[in-house]
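The following features are taken from Swiss-Prot:
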DISULFID  CYS3-CYS9  disulfide bond
DISULFID  CYS4-CYS17  disulfide bond
MOD_RES   TYR16  sulfotyrosine
MOD_RES   CYS17  cysteine amide
Amino acid sequence: GGCCSHPACAANNQDYC
């Protein structure tokens, strides 16, 4: 859930997601 559930956010956090 959270950021990793949102493509735009996940794309900016690939190191975490």
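A Cβ is built for glycine as well, from the same backbone N, Cα and C atoms used for every other residue.
When secondary structure is read from DSSP and collapsed to three states, CYS17 (disulfide bond) falls in the coil class. Around the Cβ of the residue listed as 'sulfotyrosine', 9 further Cβ atoms fall within 10 Å across all displayed protein chains. Neighbour count (other Cβ atoms within 10 Å of the Cβ, all protein chains): 14 for CYS17 (disulfide bond).
Cα spacing between TYR16 (sulfotyrosine) and CYS4 (disulfide bond): 8 Å, rounded to the nearest whole number. Sequence-distant contacts of CYS4 (disulfide bond), defined by Cβ-Cβ distance under 8 angstroms and a gap of at least six in the same chain, are ALA10, ASN13, TYR16, CYS17. Long-range Cβ proximity for CYS9 (disulfide bond), meaning a same-chain Cβ under 8 A and a gap of 6 or more residues, is found for CYS3, CYS17.
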